[in-house]
Amino acid sequence: MVPEAPAPFEEPLPPEATDQWQDRALCAQTDPEAFFPEKGGSTREAKKICMGCEVRHECLEYALAHDERFGIWGGLSERERRRLKRGII
């Protein structure tokens, strides 16, 4: 029987490497109803929050990659994201 080799020492990853972008999003600290308004409701407050968010670009990339059809993601509405995908914006 051959003894097992000791496991190599692994340095822990820095916190920012293990954080999900969603954990750093300003919307995670806000009422979600602002980001999913009723039809015809205002999106102004949600978009204002997004504009000051450090992960806005990651959020928008996620929404586009996952075809999110509802709510404000990365500062854009569903309609604005559709236009962006079609190259209109």
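Cβ coordinates are placed from backbone N, Cα and C, and glycine is handled just like the others.
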Swiss-Prot annotation of region 'Disordered' - which of the ranges 1-24, 25-48 it falls on:
1-24
Just to be sure I understand, if DSSP states are collapsed into helix, strand and coil, how many residues of the domain '4Fe-4S Wbl-type' (26-83) fall in each?
31 helix, 2 strand, 25 coil
Under 8 Å by Cβ from Cys53 ([4Fe-4S] cluster binding site), counting only residues of that chain that are 6 or more apart:
Ala25, Leu26, Cys27, Cys59, Gly75
